[in-house]
Amino acid sequence: MAKVTANDLLEKFQFELLAGEEGIYRPITTSDISRPGIEMAGFFTYYPARRLQLIGRTELSFLKSLSDQEKEERMTKLCTYDTPGIILSRGLEAPEQLIAAADKRGVPVLRSTLTTTQLSSRVTNFLESELAPVTAVHGVLVDIYGIGVLITGGSGVGKSETALDLVRRGHRLVADDSVEIRQQNEDTLVGYPPPLLQHLLEIRGLGIINVMTLFGAGAVRPFKRISLCMNLELWDQTKAYDRLGLEEDKMKIFDTEITKMTVPVRPGRNLAVIIEVAAMNFRLKRLGFNAAQEFSERLTQVIEHGENEF
């Protein structure tokens with residue numbers, strides 16, 4: 001899991017640092033954000049100290065109604081050595097008791113001009129993306145008609161050459177050779193290129209080429225949600241390959257399953273066209289049109305009625 005700190009939030013969202021500078025590199029370990037409303041009332045029994053604390057106009061309005069002693073007590077309990085940071089929304093002024101407690105415990109206090117709802121949404125999305133579990137898969141990721149297609153297979157089977165052909169046909173390259181995959185939600189896998197390999201494609205006999213330089217900015221993407229896996233393998237005459245498309249294999253990455261198709265490779269087969277059509281057919285299936293199922297139903301009707309013509 002990647003490491004995220006309050007300093008990353010400062011750089012990403014241009015927050016203002018009000019206090020607790022010595023704690024800006026304290027790790028944030030969860031994407032959950034807490035609004036300490038009940039804690040302002042003095043109830044800290046279930047206080048989630050390891051979360052970012054988001055304070056808005058409601059919390060500060062209640063805090064102003066307390067005595068100075070109560071303010072100091074609540075802010076001292078709010079700022080623990082485990083708290084990764086406190087964020088104030090709407091450009092609100094930080095109470096002096098909060099500043100003092102934060103400096104004492106090294107809790108970064110940040111301020112933003114965004115509303116509380118906007119701030120919560122943006123920070124949560126950022127943390128979910130950065131803290132998502134990550135794995136690397138050997139393959140190529142291409143955006144084909146809006147479908148993120150992960151092309152896998154053994155070394156030398158033709159993954160990069162197929163990707164190059166797809167780029168020439170107007171599709172967009174995301175990553176070649178190594179694809180970093182993050183599970184951002186239970187059913188969402190997003191692929192990224194390693195920074196070192198971004199926009200690069202390796203073609204045996206040709207070397208490394210820069211796809212963006214050769215084909216333009218429209219030929220690449222920085223990331224893409226993965227929906228389909230196309231596995232390339234050398235043609236095995238002893239193996240029975242699916243010819244109807246009724247069966248659907250799955251590939252599991254983390255807790256998410258995606259559709260997987262196996263494409264046998266041998267001379268004369270245009271893999272780019274096959275994968276392109278597979279992506280279009282996958283989109284049709286998601287819209288409710290299944291050619292294989294329709295053919296199967298027609299065949300069943302013919303058999304049942306004893307007809308001899310299709």
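Backbone N, Cα and C atoms are what each Cβ position is placed from, and that goes for glycine too.
Just so it is clear, the model here is predicted, and its values are computed rather than measured.
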Ranges in play 156-161, 168-173, 264-269, with Swiss-Prot marking region 'Important for the catalytic mechanism of dephosphorylation' at 264-269
Cβ-centroid neighbourhood (8 Å) of the ATP site, GLY153, GLY154, SER155, GLY156, VAL157, GLY158, LYS159, SER160 excluded = LEU232
Name the one residue among HIS138, GLY158, SER160 whose Cα is closest in three-dimensional space to that of ASP177 (active site, proton acceptor); these are the recorded positions.
-> HIS138
Reduce the DSSP letter at LYS159 (active site) to three states and note it down.
-> helix
Neighbour count check, CB within 10 A, over binding-site residues GLY153, GLY154, GLY156, GLY158; minimum at GLY156
Checking the active-site residues HIS138, LYS159 for other Cβ atoms within 10 Å of each Cβ, the smallest tally belongs to HIS138
Using DSSP, tally how many residues of the region 'Important for the catalytic mechanism of dephosphorylation' (264-269) sit in helix, strand and coil.
-> 0 helix, 2 strand, 4 coil
Binding-site residues listed as SER155, SER160, least Cβ neighbours within 10 Å | SER155
